[in-house]
Amino acid sequence: MHGGNRLRLHAHWVRLEKMNTRLVFLLCGALLAVDASKPLRAQDPLPAQRREFLAAAVSLAAGRQADYEARRQHLDDYVLAPYLDYALLRRDLRTLDARRAREFLDRESATQLGRQFRIEWLAELARREDWNTFLQFDPGDDSPGTTLRCQRLRARLGTGVAEQELRSEILAIWPTGKSLPDACDPALAVARKHGWLDTRALWERLRLAVDAGDAGLTTHLARQLPAGDERTHGERLARALSDPKATLAAAATWPDTAANREAAALALRRFAKPDVVAAIGQWHGLERRFDFDATQRAAILRELALYAAVAYRTDAEDWFQRVPADVRDQQLADWQLRAALARQAWSDVRDVANGLPRPLADSARPRYWRARALQELGDRQAAHDAFAALSTESNFHGFLAADRSNQPYSICPQEVAADPQRAAQLRRRTDLARALELHRVGWRSEAARAWDHDVAKLSEADRDQALILAAEQGWHDRAVFALNSGDHLRKYGLRFPVAQREQVERDALDNGIDPAWVFALIRAESAWQPDARSHADAHGLMQLLPGTARSMAQQLGVTWTGTSSLYQPEFNIRLGTRYLSQQASRFGNSPWLASAAYNAGPAPVQRWLSQRSDRPADVFIETIPYHETREYVARVLAFSVIYDWRLHGKVRPLSSRLPDPGQPYAGVPAPDRPVVCAAPALASAPSPGRQP
């Protein structure tokens with residue numbers, strides 16, 4: 001982007017900063033879209049109405065009212081015109097009169113935009129304390145959010161409803177373990193005035209806050225308890241949440257009372273995660289000092305066993321044996337299994353898998369490890385039968401089981417055929433039509449809101465046709481998020497799009513890596529959302545950190561123009577494939593180790609290798625300490641199989657992508673593992689050779 005364009009955008013942004021935050025986000029997409037290119041996409045020139053709409057949005061944001069009005073009058077029949085009206089109302093919200101609000105809501109009463117504006121308008125009326133008008137606009141629905149519930153209570157109080165009549169409704173907002181919004185303060189003040197929030201009520205909410213792990217709220221509530229033992233008790237619980245180490249040090253001198261047992265037990269449970277070694281040491285002392293009840297002991301022992309396993313302590317199994325059966329759950333069972341795998345104690349692996357209750361025992365993970373244990377213990381026929389039974393599942397463990405039992409991969413799609421007549425009907429739905437157009441103009445967050453509001457009302461058949469419409473315009477994440485359970489998982493064509501094919505295949509081959517692997521990684525990283533941004537500040541399809549991306553750009557000799565460039569799919573894929581190739585080179589070209597490094601960083605992977613490099617690949621993956629990375633590696637590898645099948649009709653065996661640590665790896669063989677069902681034909685991609 002040229003410097004002059006940047007200055008113009010900055011001037012717009014300064015003006016926007018004075019407006020409401022939602023309006024800023026709503027309009028900044030238009031600023032960038034209009035300024036950056038005309039049209040937005042060379043292969044899909046914007047119609048005149050679309051260009052006029054975006055130009056009107058820029059004029060409104062820049063305060064050019066006359067230009068905005070001139071453009072707006074030509075857009076009455078454009079599907080997104082109400083978003084301009086909404087933006088104008090939001091700009092004027094502080095001075096807006098009820099007539100304009102009512103006119104807009106009468107037109108938009110059934111739409112997501114109308115629902116959104118009504119909430120904002122009610123918040124403005126609450127700010128003005130115009131309670132009569134508030135109640136006129138309040139829809140009185142049965143499931144409002146907490147803020148609206150409290151605003152509604154305040155409106156009724158402000159219009160003469162007796163406080164006693166609202167007692168039950170006011171007290172209904174109290175029992176929560178999280179902080180309540182400021183809008184609830186007046187209702188809670190009424191409750192305090194009448195003494196409804198007594199010590200019992202304070203303890204009820206304080207314990208909910210403890211369960212939620214909210215140390216700040218727990219402290220706030222503890223300070224409202226009566227001075228003396230009760231307040232001390234509450235403050236010790238708050239301290240146990242915020243500083244369990246200091247609490248345990250102090251507990252060494254506490255007398256054995258019920259209150260002190262509760263605080264000490266809480267601190268022990270909290271301390272196990274950051275320092276299980278020290279927590280075990282504290283337990284040995286405190287279990288002699290305090291007469292913990294059975295529930296407290298069970299909860300403490302559960303946390304000690306769990307984090308002893310997470311740390312792969314050699315005595316983890318001893319701790320598991322102390323945990324009562326009634327507090328065992330899937331998380332504990334998974335870690336007991338991993339601890340046994342880390343020791344390669346195959347008889348323990350078998351016993352843990354066999355001891356799981358249903359439905360835990362029927363899931364793919366324990367079934368795979370039960371079969372692996374049988375194989376390692378020499379019961380080959382039983383192992384083969386167990387692997388063959390599991391091979392009917394199309395997931396990471398099912399594919400590995402198919403390899404071990406020489407079975408075809410159980411990939412059998414449930415294809416969804418396009419229905420033009422149904423699609424035409426769907427395009428006439430207001431919110432769905434708006435969602436598709438909002439996506440086209442780049443207002444993705446608004447598009448998702450409109451989509452979610454409307455698609456939730458559709459039948460399954462209509463929903464699938466809507467997903468096809470979205471996919472046809474490159475909006476692939478809608479299917480990824482919607483088709484995530486049951487037989488919907490077999491709708492592979494929608495769930496695993498072969499998007500950006502030319503780019504992916506060209507850059508993968510240029511970097512010496514498997515294109516199916518790159519497709520799989522994009523699917524796992526961003527669900528094909530070009531504008532995805534993580535809490536860790538990773539961006540775009542391949543979720544690159546800005547520092548990493550800048551380094552890759554320098555290596556490739558391409559211009560780095562800033563983080564926003566990572567939202568360009570071609571640029572992101574080029575840098576991402578380069579970085580993935582580097583991780584592969586760092587880890588002996590191993591796809592699974594490189595995937596782990598791509599997710600967690602190379603340093604943790606090197607650390608894990610130094611600790612367990614003698615473990616087989618499948619065992620190593622299952623014992624990766626980081627939950628996100630452990631699931632990520634399995635997901636990327638399973639997705640690689642699906643993409644292999646979509647691209648080639650056959651697949652490379654998943655086990656061929658799993659060299660043991662330290663094993664030389666020259667690359668995956670040609671696809672040769674048969675699949676139960678044939679893959680639908682894909683259009684041929686253009687030649688992957690890089691163009692000048």
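From the backbone N, Cα and C atoms, a Cβ is placed for every residue, glycine too.
Noted in TrEMBL for the protein shown:
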| type | residues | note |
| --- | --- | --- |
| DOMAIN | 426-487 | domain 'Lytic transglycosylase superhelical linker' |
| DOMAIN | 507-618 | domain 'Transglycosylase SLT' |
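Across the range of the domain 'Lytic transglycosylase superhelical linker' (426-487), the DSSP-based residue counts are 46 helix, 0 strand, 16 coil. Across the range of the domain 'Transglycosylase SLT' (507-618), the DSSP-based residue counts are 73 helix, 3 strand, 36 coil. When averaged over the domain 'Transglycosylase SLT' (507-618), pLDDT in the model lands at 97.
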